[in-house]
Amino acid sequence: MRALVLLGCLLASLLFSGQAEETEDANEEAPLRDRSHIEKTLMLNEDKPSDDYSAVLQRLRKIYHSSIKPLEQSYKYNELRQHEITDGEITSKPMVLFLGPWSVGKSTMINYLLGLENTRYQLYTGAEPTTSEFTVLMHGPKLKTIEGIVMAADSARSFSPLEKFGQNFLEKLIGIEVPHKLLERVTFVDTPGIIENRKQQERGYPFNDVCQWFIDRADLIFVVFDPTKLDVGLELEMLFRQLKGRESQIRIILNKADNLATQMLMRVYGALFWSLAPLINVTEPPRVYVSSFWPQEYKPDTHQELFLQEEISLLEDLNQVIENRLENKIAFIRQHAIRVRIHALLVDRYLQTYKDKMTFFSDGELVFKDIVEDPDKFYIFKTILAKTNVSKFDLPNREAYKDFFGINPISSFKLLSQQCSYMGGCFLEKIERAITQELPGLLGSLGLGKNPGALNCDKTGCSETPKNRYRKH
């Protein structure tokens with residue numbers, strides 16, 4: 001009996017190994033696509049002298065620490081927006097974020113762009129939900145895996161603020177260093193697929209908050225869809241709510257397009273726009289790329305030339321982000337400074353109104369509660385709009401200040417007029433000088449303008465709304 005069992009196991013083993021060999025042979029025989037257009041478009045093979053960005057980045061850090069951060073800390077801006085800027089974030093490479101439902105080809109697309117297929121570097125892929133971690137792909141001299149706890153503890157990296165999401169999340173965060181030329185210029189972030197089944201969504205950490213953290217810091221966001229899975233559920237709706245205000249950075253990708261016939265592809269393209277229309281309330285829709293991002297050749301009798309041109313357009317978008325990394329970084333810090341300035345003006349106005357309404361017999365808590373509950377009665381926001389270079393579109397939500405002052409007593413703040421020193425000057429004047437002169441001047445030093453000093457709020461406005469910084473096709 002034992003001999004029969006052993007014989008059966010041996011036969012099964014031989015059968016399985018034979019199937020595995022056939023599968024490997026099939027994979028080896030599958031024609032691979034020419035990748036030369038990737039290297040050409042991204043200029044990976046060009047021996048260009050590496051630009052020395054360190055001087056500009058050091059100047060940017062100095063402006064932030066000397067002119068912006070003092071006011072930011074004094075008025076506890078981070079507790080309103082929960083976006084703390086670190087030195088690692090200022091000096092970091094552009095970040096490209098991959099989002100979308102499960103098994104739509106996000107990891108496969110990263111493998112394809114980096115040429116990691118059939119190497120020990122490749123990300124695991126499959127038809128089932130395979131990515132349960134946030135995977136950060138960075139450049140390194142050799143293949144190296146970094147635990148999330150180590151990444152969060154390293155202040156030199158831009159991921160130290162992720163520690164606030166708890167140990168359960170850090171166990172789902174992983175960094176991979178790969179010696180690849182593209183990763184010398186950009187960082188890729190692969191994310192867990194969105195699963196509409198609520199029970200499967202019990203991840204043990206604040207998934208949406210973590211996504212928001214990466215969205216706020218991403219320079220380019222690829223939202224990937226599979227043409228056979230276009231269902232838009234609650235989780236996907238939540239994702240697009242988080243993407244509001246980032247429309248200029250979103251690129252929608254209809255992947256695996258060579259699986260469909262022409263007529264069906266047109267129907268799917270229309271269905272995708274129909275499903276996403278209620279979620280993207282902007283005049284100009286995001287760019288949609290239709291292609292198949294994997295190493296195998298396009299299937300026969302499909303629009304191969306179209307798919308290739310779409311892929312090249314996407315690569316040009318990616319290259320624009322890489323080329324404009326310093327310009328985008330300076331613009332990001334300037335937008336942050338504008339928000340900090342408006343927040344400080346609002347807190348100062350709340351405090352001034354509180355002092356004006358207080359009398360010897362007044363109950364301070366009741367007086368300030370009345371101001372916070374109905375700021376329009378005291379013209380808080382209208383007064384700020386009368387200030388120079390403040391747009392109504394930049395004002396924060398009134399409700400946000402109820403929560404803000406709920407944990408920060410008004411008595412803990414000083415008036416802006418009291419935030420001055422003989423040697424250091426006034427906080428407000430320093431941040432306004434950074435917005436109108438120093439940051440535009442730094443931008444002009446990159447050769448973008450003939451008269452950098454002329455770029456100020458009087459001419460350009462201090463709008464916080466991000467412009468479309470990337471070239472559309």
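Any Cβ shown, glycine's included, is placed from N, Cα and C.
Here the structure is a predicted model, which means the values were calculated and not measured.
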For the region 'G3 motif' entry in Swiss-Prot, name the matching range from 34-37, 190-193.
190-193
Pick from 155-158, 227-230, 255-258, 411-414: which stretch is listed in Swiss-Prot under region 'G4 motif'?
255-258
For the region 'G1 motif' entry in Swiss-Prot, name the matching range from 68-75, 100-107, 316-323.
100-107
If you count other C-beta atoms within 10 angstroms, which of the glycosylation sites Asn281, Asn389 is the most crowded?
Asn389
Could you round the CA separation between Asn281 (N-linked glycosylation site) and Asn389 (N-linked glycosylation site) to a whole angstrom and send it over?
26
DSSP state at Asn389 (N-linked glycosylation site), helix/strand/coil:
coil
Please compute the mean pLDDT of the model over the domain 'Dynamin-type G' (90-331).
89
